[in-house]
């Protein structure tokens, strides 16, 4: 069972598209169709507006916090085809970089695991995915995967830096042999997995097919040291799938239908321990799902968005009536 512990009045003048807590859970970033990005201090249940960032010329779809080892850095992407990277310096938030390399709306931004350095993946409606790597002295290197998804890319999500199974297989004191990977979802109804080659170029490693409409979001689950990789995906078709891969080569992925909703599903997000999946969609609910001992996914709680402190525990029998 979950309950609403805090409600933030953002004072956005239009629809809010994304809200993300920072690493420490003390700051909340929001973005809206009013073209603004706002940052709030939400410690102790409060809400203090820290920054109102203006720089986009269209609806802002998504925000993403970088790991705090690089400072207070936030990325935002917009319908205006731009990605803006904001940084706090001496208590003031300022635009530190603007990426204008896409020909259409940029729909998703996601920072790579901090082990790799400061790397940002950006998915766009022009079908391309760009990867921005900070090289120092305010400079960013750009690599682009053209035609990553026909019609457009809606979501990007990095694989964890910890190699699956490394906590039990890795020799003591030896640095893991990281292989950079990320997943993307697009308007071609596909999830694609991408891998960085030895020459630094990105190659499509796998196509995952199960959805019958646009893939709206993908989320690669955090690694907890087990020799398994897990990805959640959701779609315009109302379905949420959980994909698992148990082989070391990463070539065999098996989908399991978590649930078929009666409306579009916009977002999926894993808990830090990768055992609970949050799902939100057009039914105006956020539902939490957990895998039972028999391998079935069970809805353990739901919260009606915009309805205040509603808390409901949903049994496996009830979920089938939703």
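Every residue gets a Cβ built from N, Cα and C, even glycine.
Taken straight from Swiss-Prot:
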- 2: N-acetylvaline (MOD_RES)
- 184: phosphoserine (MOD_RES)
- 11-50: repeat 'WD 1' (REPEAT)
- 55-96: repeat 'WD 2' (REPEAT)
- 101-144: repeat 'WD 3' (REPEAT)
- 148-204: repeat 'WD 4' (REPEAT)
- 210-253: repeat 'WD 5' (REPEAT)
- 260-299: repeat 'WD 6' (REPEAT)
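Within its own chain, the repeat 'WD 1' (11-50) has Cβ neighbours under 8 Å at 5, 56-65, 67-68, 72, 74, 76, 78, 86, 93, counting only residues six or more beyond its boundaries. With a threshold of 8 Å between CB atoms, the same-chain residues lying at least 6 positions outside the repeat 'WD 3' (101-144) that come near it are 58, 61-67, 69-70, 73, 75-83, 85, 150-158, 160-161, 178, 180, 182, 184, 186-187, 194, 200-202. The DSSP breakdown of the repeat 'WD 5' (210-253), given as helix, strand and coil counts, is 0 helix, 20 strand, 24 coil. The residues of the repeat 'WD 6' (260-299), classed with DSSP into helix (H, G, I), strand (E, B) and coil, number 0 helix, 23 strand, 17 coil.
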